[in-house]
Amino acid sequence: MSSCALVQRPPPWRAAVAPGDGMVAVDGTQFVVDCGRTIFFSGFNAYWLMMMAADPALRGAVATAFQQASAHGLNLARTWAFSDGGDQPLQSSPGVYNETMFQGLDFVIAEARRHGIYLLLCLTNNFDNFGGKRQYVRWAGDAGHNLTSDDDFFTSTIVKSYFKNHVKTVLTRVNTLTGVAYKDDPTIFAWELMNEPRCYADPTGAMVQAWVEEMAPYVKSVDGRHLVTPGLEGFYGAGEHESKELNPWGIYYGTNYVATHRTAAVDFATIHLYPDVWLWGSSADEQATFFRNWTRSHIDATAAYLGMPLLVTEYGKFLWKEVGANKAQRNYFLDLVLDAIYASASRGGPLVGGAFWQLLLDGDIVAGMDSLRDGYEIILAEDSRAASIIGEHSEQLAALNGQDADVLCRRASSHRRTRLGNSLSCGGGDTLELLLRMVLACFVSLSRSISSFIVQNFILL
């Protein structure tokens, strides 16, 4: 009998756990590896890795970044697997690729693997930085198609074919350094369809929803082993169970947090956190209140309506002197975010990790690094307090790795019953439905475990 006999069968399209293959999979609200043991993520953003690694003279900077990250316990890097058009393209025109840039991405993956760091690779951008959806629409226009808005990216047949070709090209790429196809490399944790998808042409979220419903299964058809996420910031829409009153400024961004993450081929949920930008001009207390409401709402919604893991894939606090921000305020924000992640993770909740924006190196050591400063950068070698906060959090999460996901599910269920039970007496709206959904989710999880055990120990014998 296999020692992995109790690994749960995932829902349709969810990435399955293959014993010993090192691929990250999902088990309820937890990420798991190998024999269904939990893994939590303390991560960073470094969008610039591929661009830097494309220049052999600068590859040392990429190696140093991974080395510093690993030394502080970080085990996840989120970075770009795209550069659409422009001066440093990965894809210079539809279907035409820059081999030098691709070899830079090869190096990033190989170096991450060497340092034990997983990669969350993003496939395009909502914004025009490094091309994104605007460049795809321009390419279609240059080919004679009458498109009038960047948001035509989500509906144009020709544009969608361009993007699907990019997906297939990246996922089937064979790394020139390791000889492993991207789609088979366990170093890659997951594919992110787009960085921060928004659609002002359709505030209801229907256009983005339809696009995700088409693209997420397409990714799975090319690569059925890796996880997929849309890349949402967490903004709510007009759909069912959407807490739209929590959106910054109370407006719609053309996405539905709950509905879009319910797409069959989506494996986990994401949110971003930038209270000082989203609530421009607000006080520190107002931002802290927003942060608590935002995270609590998404944790509860994810547990109740999605039953999948949740990551804060970007969080940041700027240090612009013009608005009086300083490192003490930034470090307080780091404490808030990381404490919330650990509180959820330690109780078996769905919020199981995050990635700060952004990791940079000392510009005096690495030429050109100062040009990447955006006010959010964290340079571990020069900010000892931030480095200490991040390192301690990494150690806390690492201590939680390797648990049985079913045990965490039962612990989380018990905790939620206690917390929600207290709120029921206050007439808390949807709390009864929330509780019932959580109980049902754990029942389904237990049923899958029993079914898997029967199949592997009796039917397959």
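Here the Cβ of each residue, glycine as well, is placed from N, Cα and C on the backbone.
It should be emphasised that the depicted structure is a prediction, and the values quoted were computed from it without experimental measurement.
In Swiss-Prot this protein carries:
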ACT_SITE  Glu196  active site, proton donor
ACT_SITE  Glu314  active site, nucleophile
BINDING   Trp80, Asn195, Tyr274, Trp357, Asp364  substrate binding site
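Here the features listed in Swiss-Prot are placed on the structure.
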{"residue": "Trp80", "record": "substrate binding site", "contacts (Cβ under 8 Å, 6+ apart)": "Tyr47, Leu49, Met50, Leu121, Cys122, Asn125, Phe130, Asn195"}
{"residue": "Glu196", "record": "active site, proton donor", "contacts (Cβ under 8 Å, 6+ apart)": "Asn125, Asn126, Phe127, Gly231, Leu232, Glu233, His272"}
{"residue": "Tyr274", "record": "substrate binding site", "contacts (Cβ under 8 Å, 6+ apart)": "Glu314, Tyr315, Gly316"}
{"residue": "Trp357", "record": "substrate binding site", "contacts (Cβ under 8 Å, 6+ apart)": "Asn45, Glu314, Tyr315, Gly316, Tyr376"}
{"residue": "Asp364", "record": "substrate binding site", "contacts (Cβ under 8 Å, 6+ apart)": "none"}
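Per the record's binding annotation for substrate, residues Trp80, Asn195, Tyr274, Trp357, Asp364 show a top Cα-Cα distance of 30 Å.
Under the DSSP three-state reduction, Glu314 (active site, nucleophile) is assigned to strand.
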